[in-house]
């Protein structure tokens with residue numbers, strides 16, 4: 001049987017381990033939390049993943065990207081990324097710059113060959129090659145979802161509410177995850193979490209845990225798109241009645 005010291009998650013000489021705590025009993029709340037999940041994004045509230053979300057035999061990282069693959073051919077072009085941004089509710093300016101940044105920086109690592117493409121396509125089957133540093137490590141290097149790392153986002157950073165993150169807590173999250181000499185990773189992480197905050201914050205200015213989890217498997221994007229369509233249909237119906 002392991003000694004108490006061998007199971008300690010804090011060290012007195014390393015105050016950061018006390019400030020940013022982990023859940024020592026996570027395996028009581030979620031089966032095999034350190035096992036990377038290839039197909040579903042699970043947490044303590046959703047041990048089977050997102051209800052109704054179809055994984056299509058894709059990795060969780062691939063599912064995240066596949067939302068923007070509007071014609072389902074396995075390749076995401078800049079104009080598809082733009083349409084994906086628009087589908088979830090971002091304005092034209094954010095959508096335009098978002099598609100440029102994402103496709104310019106992520107295209108080349110996913111290409112099947114060495115010659116760059118002027119169309120900046122992102123190949124979904126190779127998206128794991130485009131994983132940047134200074135991230136939360138919720139995706140492993142093959143694009144699987146690591147539940148323990150996802151839970152750490154909240155145990156380490158959610159100081160106001162255990163299942164929500166404020167803007168300042170999201171900022172601190174990106175600061176805590178910084179790797180040395182990785183400016184591109186620092187910027188990418190902040191942009192990603194800023195976009196999530198803009199998209200999913202509640203009326204009190206917090207990002208719920210469920211929204212954060214939904215980003216990783218793309219189910220949040222699907223929810224936002226469906227919600228916008230319902231809202232647009234309702235407005236259109238009311239307009240006709242008037």
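Using N, Cα and C of the backbone, Cβ positions are placed for all residues, glycine too.
What Swiss-Prot says about this one:
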type	residues	note
MOD_RES	2	N-acetylalanine
DOMAIN	56-91	domain 'EF-hand'
BINDING	64	heme binding site
BINDING	71, 73, 80	Ca(2+) binding site
MOTIF	112-121	motif 'Proline-knot'
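Shown here: features listed in Swiss-Prot, placed on the structure.
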{"residue": "64", "record": "heme binding site", "contacts (Cβ under 8 Å, 6+ apart)": "215, 216, 217, 218"}
{"residue": "71", "record": "Ca(2+) binding site", "contacts (Cβ under 8 Å, 6+ apart)": "80"}
{"residue": "73", "record": "Ca(2+) binding site", "contacts (Cβ under 8 Å, 6+ apart)": "none"}
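Cβ neighbours within 10 Å of residue 80 (Ca(2+) binding site), excluding its own Cβ and spanning all shown chains: 20. The residues of the domain 'EF-hand' (56-91), classed with DSSP into helix (H, G, I), strand (E, B) and coil, number 18 helix, 2 strand, 16 coil. With DSSP classes pooled into helix, strand and coil, the tally for the motif 'Proline-knot' (112-121) is 0 helix, 0 strand, 10 coil.
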